[in-house]
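As written in Swiss-Prot, here are the features:
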type	residues	note
DISULFID	Cys99-Cys176	disulfide bond
CARBOHYD	Asn7	N-linked glycosylation site
CARBOHYD	Asn13	N-linked glycosylation site
CARBOHYD	Asn22	N-linked glycosylation site
LIPID	Cys345	S-palmitoyl cysteine
MOD_RES	Ser215	phosphoserine
MOTIF	334-349	motif 'Nuclear localization signal'
TOPO_DOM	1-27	topological domain 'Extracellular'
TOPO_DOM	52-64	topological domain 'Cytoplasmic'
TOPO_DOM	89-99	topological domain 'Extracellular'
TOPO_DOM	123-143	topological domain 'Cytoplasmic'
TOPO_DOM	168-181	topological domain 'Extracellular'
TOPO_DOM	206-273	topological domain 'Cytoplasmic'
TOPO_DOM	298-305	topological domain 'Extracellular'
TOPO_DOM	330-466	topological domain 'Cytoplasmic'
TRANSMEM	28-51	transmembrane segment
TRANSMEM	65-88	transmembrane segment
TRANSMEM	100-122	transmembrane segment
TRANSMEM	144-167	transmembrane segment
TRANSMEM	182-205	transmembrane segment
TRANSMEM	274-297	transmembrane segment
TRANSMEM	306-329	transmembrane segment
Amino acid sequence: MVFLSGNASDSSNCTQPPAPVNISKAILLGVILGGLILFGVLGNILVILSVACHRHLHSVTHYYIVNLAVADLLLTSTVLPFSAIFEVLGYWAFGRVFCNIWAAVDVLCCTASIMGLCIISIDRYIGVSYPLRYPTIVTQRRGLMALLCVWALSLVISIGPLFGWRQPAPEDETICQINEEPGYVLFSALGSFYLPLAIILVMYCRVYVVAKRESRGLKSGLKTDKSDSEQVTLRIHRKNAPAGGSGMASAKTKTHFSVRLLKFSREKKAAKTLGIVVGCFVLCWLPFFLVMPIGSFFPDFKPSETVFKIVFWLGYLNSCINPIIYPCSSQEFKKAFQNVLRIQCLCRKQSSKHALGYTLHPPSQAVEGQHKDMVRIPVGSRETFYRISKTDGVCEWKFFSSMPRGSARITVSKDQSSCTTARVRSKSFLQVCCCVGPSTPSLDKNHQVPTIKVHTISLSENGEEV
């Protein structure tokens, strides 16, 4: 990260003419570092646009990801170009004042990025541990306050050298060296890396424990019966639920379990994606924060200039690879990236021609007819359906819950009297409204046709989302 690379520790305070530049080496470094910087800038811009242009990504978790992308974008656009020029030329060409400002901005952006990952880890712990209460715990206001605290703490850590907390600067202004003042190195290493890292590791360890426990609990509630057609039926049982009770209470229990399973599966998948981000962060930054304090407190063990430059740029690399991680580990981001690259911004509502249309036959026919895998479970005056199609150990689970008629735009097909077609726009995961109509068309124009909200999710045999 941070305080700036430099090879000034072996230089004198006397002004010396810059060494001649090796042209072939400069061109090679320029191409490699320039490509890395360009990739980081464009990738982080793509992350920001993907969230900004898709309403279903307008959540507190994704705002944290945008904050991470903003910090990385500032680093790759305002710090890395000067770092690359420094490496290519072999000396600092922008003066002492700008060297100090550049160093402070470097520390600011890197610290904000690391603390942003810390906030994300806490967010994922809450999401996995309390999936149903998450929206009330993590509100937009609290999310904004957390981000303000991140940048405030980052600013406090970064401005110390601007107020004199550093070793005396060399007289030669072509030298822009790293701040090796032991007190500041310890303060910045603890505040910028080790304390956030400790929080991140604790949070993700707890996420792992909770996810394992919840997966076992949810799996125990899935009772399946195999048939010759390799179709299985989902039966929901609420743990510790009373044996007796009204049908309404039982139905509410089943619905609550289903919603809990959906929310937990989504939060767990998000935690996996961001866990990969954190893993890459540790691999990129840990070498630097091991080398830096050792070189400051034990000069005899200071690594060579080449080793220092490698671990220094390895930390910078972290700000460029996050945009690769999102689409590779999240289908949600992959589709959002594709839409942005195709200039298909979805800020506005999609037109009806892009809406998903589904036709559903009456449930009585589905249960008694050819669709033996469709099970009808009464939920009060409404209905819930569960279906699992088993293929190579992967099951597709569909949860149908009734919803108000006004939530979907309903059109009755004149050619198909056995069903009614409903259309609705998909959101963060597949959400489709289907209408179950009577087997014969109704003569009453004001007849209220019930609608059904469909949630589709793929589960493996152990109940985990795939």
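Backbone N, Cα and C atoms are what each Cβ position is placed from, and that goes for glycine too.
Keep in mind it's a predicted model, so treat the numbers as computed, not measured.
Here the features listed in Swiss-Prot are painted onto the structure.
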{"residue": "Asn22", "record": "N-linked glycosylation site", "DSSP class": "coil"}
{"residue": "Cys99", "record": "disulfide bond", "DSSP class": "helix"}
{"residue": "Cys176", "record": "disulfide bond", "DSSP class": "coil"}
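Residues 1-2, 5, 33, 36-37, 39-40, 43-44, 46-47, 65, 68-69, 71-72, 75-76, 80, 83, 87, 109-110, 113, 272-273, 276-277, 280-281, 284-285, 287-288, 291, 295, 337 of the same chain sit 6 or more residues outside the transmembrane segment (306-329) yet have a Cβ under 8 Å from a Cβ within it. Most Cβ neighbours within 10 Å, among the disulfide-bonded residues Cys99, Cys176: Cys176 holds that distinction in the structure as shown.
Outside the transmembrane segment (100-122) by six or more residues, the chain places 1-4, 61, 64-65, 67-68, 71-72, 74-75, 78-79, 82, 94, 146-147, 150-151, 153-155, 157-159, 161-162, 169, 176, 178-179, 188, 191-193, 196-197, 199-200, 203-204, 207, 274, 277-278, 281, 285, 315, 318-319 with a CB less than 8 A from a CB of the stretch. Among the listed stretches 65-88, 144-167, 274-297, the one sharing the most Cβ pairs under 8 Å with the transmembrane segment (182-205) is 274-297. Cβ neighbour count for Asn22 (N-linked glycosylation site) (all protein chains, 10 Å cutoff from its Cβ): 12. Tertiary proximity for the transmembrane segment (274-297) is limited to same-chain residues at least six positions away from its ends with a CB under 8 Å from its CB atoms, namely 1-3, 65, 68, 114, 117, 120-121, 124, 178, 180-182, 185-186, 189, 192-194, 197, 200, 204, 207, 303, 307-308, 311-312, 314-315, 317-318, 321-322, 325, 329. The DSSP breakdown of the topological domain 'Cytoplasmic' (123-143) into helical (H, G, I), extended (E, B) and coil residues amounts to 15 helix, 0 strand, 6 coil. Recorded residues Cys176 (disulfide bond) and Asn22 (N-linked glycosylation site) have their alpha carbons 20 Å apart, per Cα-Cα distance.
For the topological domain 'Cytoplasmic' (330-466), the model's pLDDT averages out at 45. Put simply, Cys99 (disulfide bond) is 23 Å from Asn22 (N-linked glycosylation site) when counted between their Cα atoms.
For the topological domain 'Extracellular' (298-305), DSSP puts the residue distribution at 4 helix, 0 strand, 4 coil. With helix defined as DSSP H, G or I and strand as E or B, the topological domain 'Cytoplasmic' (52-64) counts 9 helix, 1 strand, 3 coil.
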